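As written in TrEMBL, here are the features:
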DOMAIN    102-198  domain 'CAAX prenyl protease 2/Lysostaphin resistance protein A-like'
TRANSMEM  12-30  transmembrane segment
TRANSMEM  36-55  transmembrane segment
TRANSMEM  75-92  transmembrane segment
TRANSMEM  104-125  transmembrane segment
TRANSMEM  137-157  transmembrane segment
TRANSMEM  163-182  transmembrane segment
TRANSMEM  211-229  transmembrane segment
Amino acid sequence: MNRSLEGKPIAHAIFWIVLYIVIVNIGDALVGVSGITNLATSLLLTAFSTVLYRYSKKHFQPGFGSFCRADAKKALYYLPLIALAVLAYLGGIDTSLSPVDILVAILLMVNVGFLEEVLFRGYLLTAIASKKGNRRAILISGITFGFGHIVNLLRGYDASELATQIAGAIAIGLVLALLVVITKNLIPGILFHILFNIGGSITVQESSSETLLLLSIIVISVLYLLVLFRQFPKESVVTQS
């Protein structure tokens, strides 16, 4: 990594996010090599996660206390995330999936959850907060995270499904960003993101029920945000650790 880039936190964050997107697209393009959906992407992201984790610990650990142990009292802020995670499993496990399909999906979502939290709620949120303050950082990182899902247009989603998905992702992105600023910890968000994504990957997905699920997530997230904003550290500034 060029050290001049490390001195530009926003460019540094964008570099890693773009690299992540490129790797995902390479993995998707290699789907025919193994014959197993998402296997190539999962393996590439496992390698990328390892590199990013080691790099972060050694050179550029994200702020917020990063991978530290959560304070017991602050961890209570994450309890409503359990409800959101449970919602993702209400459709029941998709019995058409083979054990290999499920294992590959879990591996993929472990990496996606880890990478997206470190990149969006670690690098990007920290970088923007250091320049623009916490409020703007929370807003920008949440919206950026939501609109990042626009790539699902390439995966067959229609406009209404995509709009609902983006709205849900923005709501969750704002919640997770605000939680990270309040608790200064990435780990609970990483665990939630992994569990939530796994639920969306191995359960039965029907268009009508998925839309209802996303609308429920949006409502819960908005109520969650209203509660969290009462605990928002107005004068604090996120810094690199």
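Just so you know, glycine gets a Cβ as well, placed from its N, Cα and C.
Note that the structure is a prediction, hence the values are computed from the model and not measured.
Fewer than three CB pairs closer than 8 A are found between the transmembrane segment (36-55) and the transmembrane segment (211-229), and contact between the two stretches is not assigned (pairs 6 or more residues apart).
Each residue in the domain 'CAAX prenyl protease 2/Lysostaphin resistance protein A-like' (102-198) gets a DSSP state, and the totals come to 90 helix, 0 strand, 7 coil.
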